[in-house]
Amino acid sequence: MKVTIVGAGNVGATCADVISYRGIASEVVLLDIKEGFAEGKAMDIMQCATNTGFNTKVTGVTNDYSKTANSDVVVITSGIPRKPGMTREELIGINAGIVKTVAENVLVHSPNTIVVVVSNPMDTMTYLALKSTGLPKNRIIGMGGALDSSRFRYYLSQALDKPSNDVSAMVIGGHGDTTMIPLTRLASYNGIPVSEFLSQEELDKVAASTMVGGATLTGLLGTSAWYAPGASVAYLVDSILNDQKKMIACSVFLEGEYGQNDICIGVPCIIGKNGVEEILDITLNDSEKALFAKSADAVRNMNADLKSVLA
Ligand SMILES: NC(=O)C1=CN([C@@H]2O[C@H](COP(=O)(O)OP(=O)(O)OC[C@H]3O[C@@H](n4cnc5c(N)ncnc54)[C@H](O)[C@@H]3O)[C@@H](O)[C@H]2O)C=CC1
Ligand SMILES: O=C([O-])CC(=O)C(=O)O
């Protein structure tokens, strides 16, 4: 199985690293526009093979899309990341042009691929990739919910003082500081509602920390995060390539689900070899429904900025 990752920067290279050492794909191609950069990252990753014991073939190319031919999955991480104090939405001006060109280029050589969009503002970039390529909706997946949910589980685990892997929880809605919806009501510690252990005040604090999880790291690091983002993409790619049919919150095109149409936004999905195999239209309570509608309004407003790119 072959995976192409466009953008060999922090997130793209970390994703390639995780995919290789976990043996998720037999071949990974890293592509970047910076001369020699993807080649260098690929060589560095390949020199881990004997110490971590993997057999994935990782190669790097400078803007040569012919080398990406027949990829089963293409991950788009190309574009600029935010700096402290910025929102993801402020990246649209530069990233929209990059994502549109990259999506078109990869499809020339891999017409049957499944595309995973990572570049921010991710929900809008996913919508752009879908609209500009005309790919069927099951083959365009925005990665954000997997990351936001893992941060939610991390913050819950810190509050509970228990391991993250004993916590089950999901974030839906937009992948933005104010649009994420951590589903606190449904979060559990080994099947027991977390509200058995944490007060409403503690749960509200966890939800607030989750929503600004990316901004917090950007403030600490000076650029946005990459370890958890790269690992989250690899988790999603694993479910596609190995047909695991995991339930993962992903940004996908909605046609009536959650009362929404003509938008890509985070909802629980079954992810397998066909990409998005099912969208789970779960029952939200009234306040969650209101939050989802508000989140969708914000994402839709951002999508309106694509008019000139999509014209
Ligand atoms: N959806 C999510 O959950 C997350 C999204 N992101 C987003 O992912 C993107 C990448 O972040 P980082 O890897 O930290 O940035 P980075 O700056 O480390 O890497 C981006 C790479 O893209 C390359 N690039 C730019 N234009 C290109 C083009 N036309 N073709 C090929 N390569 C191109 C650059 O040369 C650079 O190496 C950002 O937009 C960031 O906001 C980051 C983390 C999580
Ligand atoms: O915070 C950012 O800008 C990058 C990102 O999407 C994340 O780490 O969640």
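Every residue number used here counts from 1 along the chain in the order it is shown.
Yeah, the Cβs are placed from backbone N, Cα and C, and that goes for glycine too.
Feature annotation from TrEMBL assigns domain 'Lactate/malate dehydrogenase N-terminal' to 1-142.
Among the features that TrEMBL reports, NAD(+) binding site is placed at GLY7, ALA8, GLY9, ASN10, VAL11, GLY12, ASP32, ASN95, VAL118, SER119, ASN120. Neighbour density for GLY7 (NAD(+) binding site): within 10 A of its CB lie 26 other CB atoms from the protein chains shown.
Sequence-distant neighbours of ARG88 (substrate binding site) (same chain, six or more apart, CB under 8 Å from its CB) are ARG82, ASN120, PRO121, MET122, HIS175, GLY176, ASP177, GLY214, listed in sequence order. If you look up TrEMBL, you'll see ARG82, ARG88, ASN120, ARG151 marked as substrate binding site.
Annotation source TrEMBL lists domain 'Lactate/malate dehydrogenase C-terminal' at 147-301.
Following the DSSP three-state reduction, the secondary structure of HIS175 (active site, proton acceptor) is coil. Taking all protein chains in view, 29 other C-beta atoms sit within 10 angstroms of the C-beta of HIS175 (active site, proton acceptor). As annotated by TrEMBL, active site, proton acceptor applies to HIS175.
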Sequence-ordered binding-site residues from GLY9, VAL118, ARG151 with Cβ under 6 Å of an atom of ligand 1: GLY9, VAL118
Close-lying binding-site residues around ligand 2 among GLY9, VAL11, ARG88, ASN120, ARG151, where CB distance stays under 6 Å: ARG88, ASN120
Nearest-integer angstrom distance between the alpha carbons (Cα) of GLY7 (NAD(+) binding site) and ARG151 (substrate binding site): 23
The domain 'Lactate/malate dehydrogenase N-terminal' (1-142), counted residue by residue under DSSP: helix, strand, coil: 67 helix, 28 strand, 47 coil
Maximum Cα-Cα separation in Å among residues ARG82, ARG88, ASN120, ARG151, which the record lists as binding substrate: 18
Among ARG82, ARG151 [binding-site residues], residue with fewest other Cβ within 10 Å: ARG82
